[in-house]
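A.B. asks: Pulled the feature table from Swiss-Prot, pasting it below:
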| type | residues | note |
| --- | --- | --- |
| BINDING | Gly613, Pro614, Asn615, Met616, Gly617, Gly618, Lys619, Ser620 | ATP binding site |
Amino acid sequence: MESLSQHTPMMQQYWKLKREHPDQLMFYRMGDFYELFYEDAKKAAKLLDITLTARGQSAGKSIPMAGIPFHSVEGYLAKLVKLGESVAICEQIGDPATTKGPVERQVVRIITPGTVSDEALLDERRDNLLAAVVGDERLFGLAILDITSGRFNVQEIQGWENLLAELERLNPAELLYPDDWPAGLPLEKRRGAHRRAPWDFDFDSAYKSLCQQFATQDLKGFGCDGLGLAIGAAGCLLAYARETQRTALPHLRGLRHERLDDTVILDGASRRNLELDVNLSGGRDNTLQSVIDRCQTAMGSRLLGRWLNRPLRDRAVLEARQDTVACLLQDYRFESLQPQLKEIGDVERILARIGLRNARPRDLARLRDALAALPQLQTALSPLEAPHLQALAGNIRTYPELAELLRRAIIDNPPAVIRDGGVLKQGYDAELDELLSLSENAGQFLMDLEAREKARTGLPNLKVGYNRIHGYYIELPRVQAEQAPADYIRRQTLKGAERFITPELKAFEDKALSAKSRALAREKALYEELLEILIAQLAPLQETATALAELDVLANLAERALNLDFNRPRFVEEPCLRIRQGRHPVVEQVLDTPFVANDLELDDNTRMLIITGPNMGGKSTYMRQTALIVLLAHIGSFVPAQSCELSLVDRIFTRIGSSDDLAGGRSTFMVEMSETANILHNASERSLVLMDEVGRGTSTFDGLSLAWAAAEHLAGLRAWTLFATHYFELTVLAESQPVVANVHLSATEHNERIVFLHHVLPGPASQSYGLAVAQLAGVPGPVISRAREHLARLEATSLPHEAPLREAGKPQPPIQSDLFASLPHPLMEELARLKPDDLSPRQALELLYSWKTRL
């Protein structure tokens, strides 16, 4: 860039600020607009679809420029944040009236995808997370900060696979990692991932900074004193949050150590396949959360989303939640709680904005209404006997002083921002009331003064007025000017009149002319004082918000249990998974016909079900509903089944459906095999495994061999396994593996048309019905007829399904040539024909040299 001296004074100011924020788009306030210049302007014009223009010249070149009206900036910021961009907001802090040259400007806040807190820029029912990671390929420290709630979690994770799975679960808006990590890492593909200096992750400075933030001598009380890598990552997050927010962060009050051992682990593929909160098309319709989320508050919805994505293995916690849901179902108690919870609103994020000192007037109005609703909610909770409910009620305190303060201070429907005033009630502050009265009632004062002066002087043509140059005045016609009282001081002489000022009018002028600006300054100061009073109470208020969110989720689970006919599952020590009349919670909501419920029984003697049946027969639905029932049980919810008895699981794996990973250069079959490999390496006897059509992406015998070996391996692991397949050969596994049983989805044909019955019955399916399904899908009749001919021929010549089962683990000669095997080298054929005894030593040597040149 050219020397600053070559630029105009304003551009010099711009470049000094821009150099401090090279990675952010600079919104540079000029009057009623935020302007962007140079490359920022070009980028913003493209991203926001705004006009790119030019502004004069600086350093001999025209300046590319794009502008955004300041009053509509929120919409543009929201779009940029969604696109993963960061913005530095540069405001005018000097007074243009008293400044020579460019008005003083300063970057007052930095908006990044992971640190945004403005309500307009956030999805109210989704967490917005900032993450940092440090370590090596063996062990990583991961820290997660939700600046909109104050949640600050750390954990240490072994291996890339587990780290990437955890990042997929958390889906942070921004991810920070050390600048000295090599290029080409998997996490670089994530939107919002960017590098930070290695020293930002330094343990010693991080430890000191965190202790200072939490006002503690050490971090032992948070259970993370020994997590060196995680503490380094947390220190990086804290520094980044301070850098972007430009304020203290009083709502960050501690760390929480998360342990993978406490949770049911789901990898990224399982999370996608089960469509917990995002469907396979990337939307939110027809997901598990869309069905079971009727929370009354946004913070409740966010908590439910965290529960779904992080099921627990703590039986005591799960049963306490179940007891609470049962208590709320009794006499329909949840019905009286939910309307009260709706009045509470999103207290969690309001408190965070108060902590960040950027709470809007409407935030305080909502907090006022929430605090006013708490006493009635406390009364409703007091007779409820569930221990966990009582614990929650203990944290839902009432705040009569704060409630009264906000009631007195904030008008019923305040404006969106404090900038133009009009937020505080009349009577809250006497000085503000006087200033507002002066500002708003100047006209009436002047009318009253004019009437009094006419009466006092007896001059009927006297007028009181205002001039921007000379201020307030009393005007008399020139012929009456000599009759002016002694206290009239001449201010201005006109052609036909004289203007005067009096001590009373001068005193009023001094007050009135500055009253509006002074009133606004006073109101802003009082508003800041209100925020400070609330900040002093943040700790108990945040505990209350946390308890309210959980109460909302549990009341929601009670409502869903009643209206969706969910029943309480029972956890047992005996290894088992028994479901009576289980249903898919999402599919049953979208069907026009009644859902066909089915049983499932797995125990120590039966660990695997081989599931056969026609396409569209319901195999995948049956498998997914099992996983969703198990998952719902592990968040403390009731489940869509007549009854359910299960032992705790450690992981849920799914290998259901695949698509090409074009960006990663992986075929459908490669994706399928990668997911299968992950399951075979990590499943245990406490894992639930769903395997659907393993091996279908390659040749028949290769696919069958892989599916067979995978099923044998899982049977050996004794994992809870549902293995759906079209390879009927696998049904003979039940004869050699005592923990394997066969079931099938029933169907029948009528008048050459297939009827799916969707009942799960013991034993293998009798036939595939593939041609009937093809006919149902609209495949042309001649193609179906020709397919029947081919099928008859293939069934007559193929190996029978009853071929004897070879022993597992013993390699056998291939029964199908490998399409990718190399053809025999011609030299091998010559060598096979060669008779060594017929060669002389010289001939043998010449032949050897000849072969060597041909290799």
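Glycine residues also receive a Cβ, built from the backbone N, Cα and C atoms like all the rest.
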A.B. asks: Determine the Cβ neighbour count for Pro614 (ATP binding site): the number of other Cβ atoms within 10 Å of its Cβ.
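C.D. replies: Neighbour count, Cβ to Cβ under the 10 Å cut-off: 23.
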A.B. asks: Counting only residues 6+ apart in the same chain, whose Cβ is under 8 Å from the Cβ of Gly613 (ATP binding site)?
C.D. replies: Lys619, His744, Leu745, Ser746, Ala747, Ala765
A.B. asks: Cβ within 8 angstroms of the Cβ centroid of Gly613, Pro614, Asn615, Met616, Gly617, Gly618, Lys619, Ser620: which residues besides those meet this for the ATP site?
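C.D. replies: My list of surrounding residues reads Leu745, Ala747, Phe756.
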A.B. asks: Work out the three-state DSSP category of Pro614 (ATP binding site).
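C.D. replies: Going by the DSSP assignment, Pro614 (ATP binding site) belongs to neither helix nor strand, so it counts as coil.
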A.B. asks: When you measure from the Cβ of Gly618 (ATP binding site), how many other Cβ atoms are you left with inside 10 Å?
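C.D. replies: Around the Cβ of Gly618 (ATP binding site), 25 other Cβ atoms lie within 10 Å.
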